[in-house]
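Take a look at the structure below.
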Amino acid sequence: MTSLPRSQHIIASGLIAAVGVSIAYISYTQEPAEAYVFPRLISAVFAVLAIWTFVKAILGRTKVGNGISGDAMLKMAPGLVVTLAYVFWAAKALGFYTATTVAFFLLLSLYDPAPHTQLKTWAKRIAITAGFVLVMYGLFAQLLNVFTPREILF
Amino acid sequence: MGDVFTPINFGLLLLGTIGGLILGATPGLSPTMAVALLIPFTFQLEPQQGLILLGAAYTSTVAGGAVSAILLKIPGAPANIATTLDGHTMALKGEGAQALQLSFLASAVGGLFGVFLLIFLTPVLAQWALAFGPSHLFWLAILGVTVIGTLDSSSVVKGLLAGCIGLWLATIGFDDIMGAQRFIFHPSVSGGINVIPALIGLFAIPQVITMFTKGRSRDDAEIISVKRHPIRLAFVEVFRRKTALFIGTITGSIIGLIPGVGGQIAGLVAYDQSKKFSRESEKFGTGHSEGVIAAESANNAMVGPSLVPLLTLSIPGSPTAAVLLGGLLIHGIFPGPDLFMNYPQVAWTFIDSMLIGQILMCIFGLYIAGLAARVARVPHAVMAAVVLGLAVFGSYSVQNSMGDVYVMASLGVGMYFLERFGFSAAPLVLGLILGPIAEANFIQGSMIANATVGMGSYFFTGWLNWLLILIVLASVSYSIWMEVAQRRYTTKDDAVAKEEALS
């Protein structure tokens, strides 16, 4: 195992251990105590297992999980940024259908292996995006009657 | 049975079957994820209609996964891994259509047997489960989490840890006794974590991000065109290979009954056993029809029995069954021993629809294999964007709340990173779903215990309590033993490889 995944394992298991210990601390200190009977039970097991995993990671004995390579990180980063912007900001600010159109088209443009230099492939991307948004509109707005935030355009 | 054939119910069955075949054939869309994404579409339906759609989709996605396994060497689901071994080789030899036909026929035989097992075992087990008290139900919930945690993960500790994370997530929000708010760190979760957005996020978003990590590359797998092949010959072939069909069906059914083991193990064990019992074992791996028949009959035979513990004890036998449990809960139906007393029509219509669904899956599978093959070629970029859109709309539609969308995305992104470090989504989901059952029965049991015999006696005496505790301990011990054995084996292999390199 190279040093990069090992350090990643330490960071990941350290974070989980921190969450486990925090939950155990909250469970054993918060009031009313009756509300925390079950959380106390599970948080104790959670904290013990999380600390065990953390210690194993520090000792370099973590055998499971490959971590994330720099290459994978670089490839996923733009998609992740678009996804998070879509979910946490655009969906509500621009409206579901507008935001979906933009996010869908951006993701296709970023990850579609077809060449970016041909007009035909751009037309195909626009057609797929329009088709998908129309299907979503038909399904959710018309068929299921789900009211979604609508700000710009529709 | 008549309820299945009303126009709306039969229409939904057809829709679920055809949709499931297409979703299953799409690489990257697992049955669990497909069913999770479909749940929001059932909100407008009656409970039994929703379950017909989900049950049909479950059956067909498992079978549809064979399409990409055979034509692209990419298993549509983990359950189809064994199918790639001979199915893809058959396709390379120009026998793709025959491999697809054999897989759908074998799936139908295995699936029908599995559903018959579901029909006969469920009422018996449900009757027996009526005797369960709060302490037994508490141990059952713990059993569900530990069995899935230990069997579905590559590390026992990480599996159990994921189960604990799920159980903790289930405690977020109001507690039932005092009405106090617990672990509210963001207004989105003030009412607790809704199971459906969590399921969608935990299963769909990691897959979307995984597709991103592939970048703009195309799949290296060779896409094989399907030539016509007479169905009659496939019928003859599948029933000529009785041993493989029998082993696959029986192995899949038995493995399906064990919570947490899943279709992947069923397919691989059936493949391995068929190879051992075959007169032509040397042909396995070279495009032999017995390999496809054994693997596919096993993974579909598993579907029915995996629902037995769900419908009788509220313990999902597989991750997809866990998602179905979420679907039941969203319709206000709590599975368990009372299901057949309180909602007999819903329960039996669902089971009957699974039976008809297997036959429809076979018919459509045989005729639309060519179309499904085309779906298997959809680029990752399109799939990622489609799944993301469905996940956002589906999560929002649960309660018309942006909070659910935030929960879905946060859990999904978190799960992607957890998966990279060896954690599995299934135990986490089980913890989340079974957490409220475990807590309610623990609290109820504590009250009874405090008023009567005391906690120790209430939770740790009686043969049923001990049986459940022993199964919990046995499953954890067995998994630890397997993990240690596997590690020793790997270390030995490494040592041999090093020695060979040095010499």
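Cβ coordinates are placed from backbone N, Cα and C, and glycine is handled just like the others.
Residues in the domain 'DUF1468' (A:12-149) partition by DSSP class (helix H, G, I; strand E, B; coil) as 109 helix, 1 strand, 28 coil. Here TrEMBL flags A:12-149 as domain 'DUF1468'.
Feature annotation from TrEMBL assigns transmembrane segment to A:9-28 (among others).
Per TrEMBL, transmembrane segment is recorded for A:40-60 (among others).
Residues or ranges marked as transmembrane segment by TrEMBL: A:72-89 (among others). Same-chain neighbours of the transmembrane segment (A:72-89): 99-100, 102-103, 106-107, 110-111, counting only residues six or more beyond its ends whose CB sits under 8 Å from a CB of the stretch.
Residues or ranges marked as transmembrane segment by TrEMBL: A:95-114 (among others). Tertiary proximity for the transmembrane segment (A:95-114) is limited to same-chain residues at least six positions away from its ends with a CB under 8 Å from its CB atoms, namely 78-79, 82-83, 85-86, 121, 124-126, 128-130, 132-133, 136-137, 148-154.
Taken from TrEMBL, the feature transmembrane segment covers A:126-147 (among others). Remote same-chain residues near the transmembrane segment (A:126-147) are listed as 97, 100-101, 104-105, 108, 154 (criterion: CB distance under 8 Å, separation of at least six residues from the stretch ends).
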